[in-house]
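Contents: one structure, followed by commentary.
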């Protein structure tokens, strides 16, 4: 979700800012690591030191889409040239703001206009008023960037942004900060009536000493402009409409409704008058039976079917009277349209969740190796020719054509300590290391374990199971996590309904049962049920395995299973070699990771989920989780104070120490809301400490982790590129040139890019009682990226932030209502929510016995 520079998303509750916490200044720049020459997809913007005039515009009717508003303003500027606008080229943001280079001759008065736009069928009339608002100083912006002594004036950045986007907003379809245009010369269908559109992202950002234009290629899913009949066939997998001589079944209608609800359609039965409507529902009855009250000329009202009406009024004999109608406009108005007279309107972005297949098609269509993406961005820049844009020229702005050169540093990777007799160490190379010949730092001995196979017996025979367990035991023994003897129980089962009775039987029959290995037949509701029963109901450790990995075992897959199992049972896979850890470890320190995940768009009833995890030892290796539900789309973690308090108590129970420092990595914060969220959450963390002990005031460092940005880094020297995808090396850090003019932020690409172009994570320090130097925090963050237990690779964000994401993701499965849902995003929207807030809160609460384990690994 992208909020504008001016702030919050609509509808989010944010507390007023009583005291504003100032983000810390950059404590100098980092020096550790091997220098590397990079190119960033940032282009220098040169702005004149002038005043820009800011006007407020008000358009009635006021709920028009921005596209219409832009048209209205464009007409107004052309039409009132002689009286008001002269040769000026105003720029407009599509909502309330207009900027000009010289003042309009209206003084401080409000001026009203009437603007007529020729429409299809009839003209549309708009009332527009303009009033002077303020002078925006670009000289101040210059001063802020160069001196670093005054805050960056956001209104100046906003004016620049509007000027830079004005032309593109008229030419293309804007989405957030990106622009898209219909496919030309390529076609990437996604299925289900959706297709890929390519476009570009553009934003202006304050950087060291200058403004920068961030340009990136981007892609998103749009609905294909096509007849609704064809859309329905795609959604329901009907190859040919003539194969559907019968009315839709209930389940077909429900699936179709879910996809088309909320989309705009245009009608084809009125000649040139292609009126557009928004779909609010799909009728249960076919067009031949769906009736509505028709008023006759005599004034009498009769019930008439949609099919009859179209025959009488338009002389149109429906070809598919057995198919339902679309209900459009307002529900209470009963406007019905047969599917066959409707087309899906072009240029509608798909905000609903993509299916797994669509997602993988999308990735295949959009993944570009780093050198290819670099080439594409450069080509995009040339084609955009910003310096020829009349609006940009009007404001005296100049844009450099070449990517910005930056010197980054490749940080040294930490050494990892394993256990066993030989206490081997592993040295990561390009973000990867090997566990062969090494044993877990602390391996668990598994004595009592069970197998539940939910794959059919013909797919997974007993000898296949036997081979799998033999191979798993061999690998686990090598890894120092011996699985002793045969399973105490090994049975086949079917369907989610058999999970709970089976698990209860296991819990009651086998005392000391440590683990249930569950074999799944592909994508199935059984997974959600296994996790609900295991994590929340009975407190039993479960490890799911796909049947394909049982039938065909590979050492890699089995080894990865062991990484997860050992941790779930309380083991430690490896630790950072103690002597190379940062000075912050000299006193007790807790690492917290926090995330908020929202339900997919269009799913208004499901709650948002917040998760906070905390480290429970000094390595840091073991973590404990807390999770809550809250109002949908709420960005602040409302219950943070209680969650942190729980974790501090757990830390004390685990270590017998009170942390003197709290390092908080916060994922998933929209840029426009940083100040409000920091304000609320920093006070919540302090509050948690004071509630435990009146004078307990550990130093807090609050770091926002952002992955959803468009900064990309490329090797300037071809010889430094890594692997097939030609990416920058793992450990590449940048904290100059493209970062904030004076606040404490940096980019760190901590993982090795395998596919596509690596996305460095952006770290923004919003509060720092602990006075970290740039080197200390960058190295600490990089080291934490090596402590993620599920793989022997460095990951793209620090382990605590990653775990918080996993915990929130797991809670989505705990919320699955097994009557309706599969938890896979393909269900009827809005169950698990006929339940009240208390029931939802209870559904995500993890069982006492699971609470202290890393069940989410």
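From the backbone N, Cα and C atoms, a Cβ is placed for every residue, glycine too.
Swiss-Prot tags one of the stretches 703-707, 708-712, 713-717 as region 'Interaction with guide RNA', and that stretch is 708-712. When Swiss-Prot is compared with the stretches 762-787, 788-813, the one noted as region 'Interaction with guide RNA' is 788-813.
Ranges compared are 522-564, 565-607, 608-650, and Swiss-Prot records region 'Interaction with guide RNA' for 522-564. Among the ranges 309-314, 315-320, 321-326, the one that Swiss-Prot lists as region 'Interaction with guide RNA' is 309-314. The residues of the domain 'PAZ' (227-346), classed with DSSP into helix (H, G, I), strand (E, B) and coil, number 38 helix, 38 strand, 44 coil.
Taking DSSP states H, G and I as helix and E and B as strand, the region 'Interaction with guide RNA' (788-813) has 15 helix, 1 strand, 10 coil.
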